[in-house]
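Enquirer: Feature annotation from TrEMBL assigns transmembrane segment to A:30-54, A:66-93, A:113-136, A:143-164, A:184-203, A:233-253, A:265-282, A:289-307, A:313-329.
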Amino acid sequence: MTTTTTPAQVIETTASHGSLAERVKGLQSVWILGVLVVIVAVFGVLSPTTFLTAGNMTNIMQNVSIWAVLAVGMTFVIITSGIDLSVGSVLVVSSVVAAKTMEALGGQGWGTALIGLVLSVVVGLAWGILNGFLVARAKVPPLIVTLGTLSVALGIAQIITGGLDIRSAPDVLVDTIGYGRLAGIPAISLIALAVVVIGGIVLHKTRFGRYTYAIGSNEISARRVGISVDRKLVQIYALSGLLAGFAGILSLAQFGTTTIAGQSLTNLNVIAAVVIGGTSIFGGQGSMFGSMVGLFIPAVLQSGFVIIGVSPYWQTVAVGAILIAAVYVDQHRRAAASRGKGVST
Amino acid sequence: MTTTTTPAQVIETTASHGSLAERVKGLQSVWILGVLVVIVAVFGVLSPTTFLTAGNMTNIMQNVSIWAVLAVGMTFVIITSGIDLSVGSVLVVSSVVAAKTMEALGGQGWGTALIGLVLSVVVGLAWGILNGFLVARAKVPPLIVTLGTLSVALGIAQIITGGLDIRSAPDVLVDTIGYGRLAGIPAISLIALAVVVIGGIVLHKTRFGRYTYAIGSNEISARRVGISVDRKLVQIYALSGLLAGFAGILSLAQFGTTTIAGQSLTNLNVIAAVVIGGTSIFGGQGSMFGSMVGLFIPAVLQSGFVIIGVSPYWQTVAVGAILIAAVYVDQHRRAAASRGKGVST
Amino acid sequence: AEDTTAAAGGSDNKNIAFVQGVAGDEFYITMECGIKEKAAELGYTVTTQGPQKFDPTLQKPIVDSVTASKPAAMLIAPTDVEAMQAPLEQAAAAGIKVVLVDTTVNDPSFAVSQISSDNVGGGAAAFDAIKAAKPAGGKVLVISTDPGISTVDARVKGFEDAVKADSAYTYLGVQYSHNDPATAANLVSAALQKDPDIVGIFATNLFSAEGSATGVRQAGGKDITIVGFDAGPNQIKALEDGTVQALVAQQPATIGSDGVEQADASLTGGTVTPTIQTGFTIITKDNLSGEGGDAAYKSSC
Amino acid sequence: MSALLEARGLSRRFGRVQALDHADFDVDAGEVVALIGDNGAGKSTLVKALTGNLDIDEGEVLFEGQRVQFTSPHEASAVGIEVVHQDLALAPHLDSAQNMFLGRELMRPGILGKLGFMDNTTMRSQAAQAFTELGSAVRSVVVPVGAMSGGQKQSVAIARSVSWANKVLFLDEPTAALGVVQTHNVLEMIKKVRDRGLAVVLISHSMPHVMEVADRVQVLRLGRRVATYRAADTSVEELVGAMTGALDKKEGAA
Amino acid sequence: MSALLEARGLSRRFGRVQALDHADFDVDAGEVVALIGDNGAGKSTLVKALTGNLDIDEGEVLFEGQRVQFTSPHEASAVGIEVVHQDLALAPHLDSAQNMFLGRELMRPGILGKLGFMDNTTMRSQAAQAFTELGSAVRSVVVPVGAMSGGQKQSVAIARSVSWANKVLFLDEPTAALGVVQTHNVLEMIKKVRDRGLAVVLISHSMPHVMEVADRVQVLRLGRRVATYRAADTSVEELVGAMTGALDKKEGAA
Ligand SMILES: Nc1ncnc2c1ncn2[C@@H]1O[C@H](COP(=O)(O)OP(=O)(O)OP(=O)(O)O)[C@@H](O)[C@H]1O
Ligand SMILES: Nc1ncnc2c1ncn2[C@@H]1O[C@H](COP(=O)(O)OP(=O)(O)OP(=O)(O)O)[C@@H](O)[C@H]1O
Ligand SMILES: [Mg+2]
Ligand SMILES: [Mg+2]
């Protein structure tokens, strides 16, 4: 055949032509952010003097801080098409170990607090590694692994404490981290923000993040190109565990007690936030920013409803309904914005 | 080219050659059943006079009956690669509507009970259709849809009752269905068994079941061959809702009261059972028999641990650990039995 | 300590917020009834809020939002003595009169008053009820919800201490039902399999009692005394039906109305009683028509 | 005479890519039309747009002279249009007989059938027969399709569509994964189907195959039909020129 | 002289299917070996077995004269063996540049690179260059691969493997979805790679392509190597005969 060679062509190497408006619209998380803004605006109008106050906003921020830390790890895990149901229990067991040790050490100062912090993080990390190992090497489905470790971790926390919460966080922890403020912003929120920003950078800018997406997008392909998928999975679950451990010490600082019987809805709340934020539980897509918006929607709804005085039962109804509506709007706006998906994709 | 036509060949049209042993080994659910048998055997040896009694076995059977009914619907849903978190709440709201009506009607006889049954099932069905509609038509992820309807259904149940459980199941319901026995077997278990058997036949033998697998295996392919996937999905979630409604009346019969705050772990327990039974949350595979075995494993563990006198905290630890181990053994035995999966499948 | 601002002391703010330990619980609903009745009498409006579980991590955000909504007074059942300390201090600092009802916190000095039930005593009373029904002694079991819930833990402790002080009884320990009646039923039937001679079960809350009754019935309706906690309409009905044999009743409605009185006193400059302790009553079928019946919680507001 | 299936000015854009740009297309009963074009020319997109698999932005589709708008593959199938898609999209967990009859299950006779029970035995033996007729390399109808070789999968998809088509059969690169013998058989099958009076649309990058079976050839470039030839009157060189656009510059280049 | 990569008596069974049945295979540096066979003959299975993608039941693999046992694709890649699999298996959510560099990301210079930051700009422009050199139809390196046409996807997979192979390059039906021009370019590329001293293994059902580039042809039938030919000394008819088994019955049939 006498075909000619390469037809000269220019290959597009950057996604960033088009107007700024177009680029912004292209961002996945913009629509859900829009939903959040609308919700805030509605409550603002309904109750301007109480809802839209700096005090209320900082309270909301403070109250999502611990979940935000967990959501960072959860976002990584869900992008790999996994799930981590154990975060709440790992948080509890980490804080129990830390509290027990700090109690034994006595001291209310930074020295004791630091030891507690390190211990909490190490315990969380250990659980995460266990989860990762069972998922990656033993090939047990993540749902079962983390449901199992949820139970085991909680049981261990109960054994250590005899079922009674330990209420002895060093004062310095509670005063500076739990309730301290910097320029009016709660310290705990600043810490969470730092974790989120670092998590976002790692997810979106580094090789580690790229591999996270690759594993969720097509695990076989990731293996074939030589990514040691098992090791990465262990690392990702370890990260989630580590952050749960870190959240454990934050929780201790915030509440001054281990919350053994609490945290039972933490895993579902965090998973819901991540999914509301546009991360698919089938993996391969999602963003840190989306998860954060997804965290704020239920929190803002709850705060708003309490302030305007909706009764708890109606709140339950309204939060559920608005959740579905928010994700519906997000999905449809997004689809309309790109129109990039045929039936076959 | 002068190639010859069709090389004569015989195409295998039945999977059932090979010895009986081979065929049995090929069954997915055999391994997990083996795990269950081992667990029962261990408790039987540890505590032969109490654990392995007919009384204990019927108790266990009776206590899983309601979950078994829910697990039938959940198996269908998960095989389509969906999830239904709302079953517990739908059970509650159905039983509340039924109980409220039966209370209003007065009567302790079959007439009232029948009206309650029909109402409960209808309410469950309505919720299921709503779930299905939101999943199939509005394209909101099942996790969000059912998390949302979980919340809405629970809120409505609380609003209807003002948060106070209704304690007025007709006596006939409690006496015959809740605690009646037929040939020594609890009536409620026989009812559940009937539901499970019918569910299993529908799933494995009928076109409806085939489409369930097809949708979970490859939704695009199902659409392309002309299956009205949306309608099927609505039907499948409707089935799950209907069964939750039915479970609502069973629960009323069993406990004599609506259990508004008492079903918060039901969804996770049922989902875990289905996954333990070998159904993949990514869809396309699973079996009714597996789900049932998956239901019995935690129930038997719990009963066994209480009987051999393990302390509750250690129970929590042990149940979690054995759960993971059971699924691990199942996975690995299954893989070893078929060796049919290369890295690339 | 605060200047009299509109939010804090002004007589135009007639809003009282009630934060329950958990939403949809008969005990708190009855308390709400007491609060509403007294509030109507004194001219206050009440909004009620509560977390989905008895869980400080869920209650704190609600308290924060209630604080932001600036009611004149807040009646609250704190879910943890330590965890709720700081958020409630914040509320008090914002000029809201805080009244602790049912439960308390480590340092309640910010609160205008605390009105609490004696859960430890309640647990001991539950044992007394079993003792009354089964004087010969025997094995007793506790079915509770989850470890770590302070009020319930106190009941269990009171019960345990009382059993251990009486050599005629053997304490079989506590099993946790996670507030799920099916699990409670499974636990009880297994426990009966192990120890068929159990004479009494203390079920620390409603679902534990429901599930225990189911479990006992499954095991063939043995003669076992089930003692429940609280005396809402459902528990009373269960008592009438013979599902449970005795109930330990607290006084939620009284706690509620006392709470409103205290809040009102501090808002209007009346005399405030800093601590009020309320008692409990054992209700059995026998005293239902008399003392026991009076102790039963109100069925509706 | 109006064509059996005709597209007029179809357009479809994905983000910044104009996959179809006022594309025309037509096929008649009893003829094989080859649809050719470079990678990314829009062939598969056109097939999807014609068969209810994809919404279009602009343009119209006529079937038997009537304007139609298939909103789902189901509707196209209902009027007798079948497609072998390039990405096959079989259900990997189902076996080849199940895939072959998916959406068209044979039911048990009588009441059982009404209740939804399927006649698996008959489906299996009919599937085996179809694979044999096609001379495919499928060796078992009870192995999950996900475990099959590339060529075996393609055979299943082809057997399926051929069985059900009764008006138009679209084949998007059906022989890409097939062996020499199987390819030969599929080309023979295409002729047989055409002779039964169906319209067949064949997408292929193999010019020898196109020349072997096509009656007409339509060339797509950058989402637009740029040429139509009678197969008998054209040459491989001319077709390649039309596909790459070389023809535009120097008419009749080779 | 020992071959660069050699397989001796490889066997692998899937359930009841004996996909490989004591298969032998060998390829030398600087030559193109075509591996041909009917659908389901075991070609793809053999490639997977040779490259750490599949466990084998029996047999041994020698690389540069040493016995090797690759337990993961990673290990094969580490010694310079790259594969274009028949099912491609790209990550659909990532774009073509990301897929091309997956597992081999270019890092930013200095401390940022150490911290894991990637140099996306360079990767994109290098990817664009690779696609241009291949004359592929890929038009953008920032569109998710999942949205690309069949041929575009295949181009990405080929560009990727060609870039990284430095000892052996396996191509499992690389041109199945490619257009005429792209196919031509890939065949040219294969020759160039061979001339650089690499061993190239080409699996294809297109005998003309096989004849065009192969130095040797090895024929697989029912999981076993049944013949090896020098391309120069054989004919399409002989190859087809060997594949289908017609040769067994009547030697030299056509
Ligand atoms: N779902 C989609 N989203 C975004 N772009 C798409 C989508 N489907 C197709 N495209 C783009 O539309 C163009 C046409 O694709 P199409 O698959 O129709 O090409 P084709 O002619 O079939 O090519 P090939 O010969 O490679 O199969 C390509 O540039 C492709 O990237
Ligand atoms: N993972 C698997 N599980 C079960 N059977 C398999 C698996 N992979 C391949 N097989 C079977 O092994 C045989 C060889 O398959 P293979 O993919 O190697 O064939 P091939 O020569 O590449 O065919 P093609 O030309 O169609 O690509 C086939 O019969 C196939 O069904
Ligand atoms: Mg195409
Ligand atoms: Mg192959």
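Using N, Cα and C of the backbone, Cβ positions are placed for all residues, glycine too.
TrEMBL labels come from automatic prediction, so no person has curated them.
Since this is a predicted model, take the numbers as computed values, not measurements.
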Enquirer: Among the recorded stretches A:30-54, A:66-93, A:289-307, which has the greatest number of Cβ pairs closer than 8 Å to the transmembrane segment (A:184-203)?
Expert: A:66-93
Enquirer: Answer yes if the transmembrane segment (A:30-54) and the transmembrane segment (A:289-307) have at least three CB pairs under 8 Å among residue pairs 6 or more apart in sequence, and no otherwise.
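Expert: Between the transmembrane segment (A:289-307) and the transmembrane segment (A:30-54), which are separate recorded stretches, there is contact, as judged by 3 or more close Cβ pairs.
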Enquirer: What parts of the chain pack near the transmembrane segment (A:313-329), using Cβ distances under 8 Å and only residues at least 6 beyond its ends?
Expert: 31-32, 35, 39, 272, 275-276, 297-298, 301-302, 305-306
Enquirer: Cβ under 8 Å, sequence separation of at least 6 from the ends of the transmembrane segment (A:113-136): give me the contacting residues as numbers and ranges.
Expert: 73, 82, 84, 86, 90-91, 93-95, 97-99, 101-102, 105, 142, 145-146, 148-149, 153, 169-170, 172-173, 229-231, 233-249, 252
Enquirer: Restricting to the same chain and to residues at least six past its boundaries, which positions have a Cβ under 8 Å from a Cβ of the transmembrane segment (A:289-307)?
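Expert: Hits for the transmembrane segment (A:289-307): 28-29, 32-33, 35-36, 39-40, 42-43, 46-47, 50-51, 56, 59-60, 63-64, 67-68, 71-72, 74-75, 196, 200, 269-270, 272-279, 314-315, 318-319, 322-323, 326.
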